[in-house]
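Below: the structure, in structure tokens.
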């Protein structure tokens, strides 16, 4: 992965090429005059060269993000609420208590082994199984071809929304069972009305609750991705001991044609979620909202301090035209390191022994450069975005935020 400080330099260069008022959000006050000088010297040559360089920088950033090309999301693309909630929990924007009312539980175990979460909606035109038996059954096909070859899937879950049943005198005491199967053979190769399947997960649920149900479908998804076995989809079966066939399955949102209507179908349709790791960086670890510590130094004192320290640098994705496919965050505080490393180096400058020796030699021999002010600690950010295939991705990117600076 490209180091974080190189990424920040690329973003800064992109802003120089774009010009205009966008510098206010990305370049600190001390650098604006230099940017203006660069633009002035460039003159007429800037027009043609800037677009070519911008394409190169954009390609570098997209490669760092693991994308083959710049996403061009369609107007029909839907961001599942589940993925938005996962982002807010994982990034620390909201605590679990604030979002618990939605019924979402953070998937600690799957996320602990993954740095990428992807969501997939099913192909609607393949959902009906002809000639099914007495129970309500549907087949779903999920296209997982957008998962990169280098991403190893560790687990997968199928999320189904079910609504409270209030039909009949005994509905409060009623239960129904939801069975999830992997389809082992396509319908065309078997006797009509029968599918060759294997059971993946099952659950007995109560009628009088409206909520999302999560089922483990990892064995099927691992066969499709790791073992490269054919993907014939999943079958969902809903049964009830005391319910007629007419009403079976109507409380589980697995079809657009339900009596409840299709206005909110986009957010309530079945969702397949995969957890994977591309071998780069750490897994999705939840970040708690940091408490701000009181500032002990006045702004005037900070301006006088020219020693190595961290400075503010806000990266706004709208400045590079990426806000159409990056869902969250709209930008982030990247910070940068700048300042002197004077002799003698103070303890708070977080110096190495080599930097101390180099600074000592510089004090008597100016041909030896001073130690440099560089990032000594970097942290990750989480990004929620639409990829090239209109699939929603939550990914952890390492070395994106400067946490500490020092003389090295």
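Glycine too: its Cβ is placed from the backbone N, Cα and C atoms.
Record features (Swiss-Prot):
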SIGNAL    1-19  signal peptide
MOD_RES   91  phosphoserine
CARBOHYD  143  N-linked glycosylation site
CARBOHYD  208  N-linked glycosylation site
REGION    283-307  region 'Disordered'
DISULFID  308-373  disulfide bond
DISULFID  337-405  disulfide bond
DISULFID  341-407  disulfide bond
CARBOHYD  350  N-linked glycosylation site
CARBOHYD  365  N-linked glycosylation site
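Feature map: Swiss-Prot annotations on the structure.
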residue: 143; record: N-linked glycosylation site; contacts (Cβ under 8 Å, 6+ apart): 120, 123
residue: 308; record: disulfide bond; contacts (Cβ under 8 Å, 6+ apart): 337, 338, 339, 340, 341, 349, 373, 405, 406, 407
residue: 350; record: N-linked glycosylation site; contacts (Cβ under 8 Å, 6+ apart): 376, 404, 405, 406, 407
residue: 365; record: N-linked glycosylation site; contacts (Cβ under 8 Å, 6+ apart): none
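Residue 373 (disulfide bond) carries a strand DSSP state (E or B). Between the C-alpha atoms of residue 208 (N-linked glycosylation site) and the residue listed as 'phosphoserine', the distance comes to 33 Å.
In the three-state DSSP assignment, the secondary structure recorded for residue 91 (phosphoserine) is helix.
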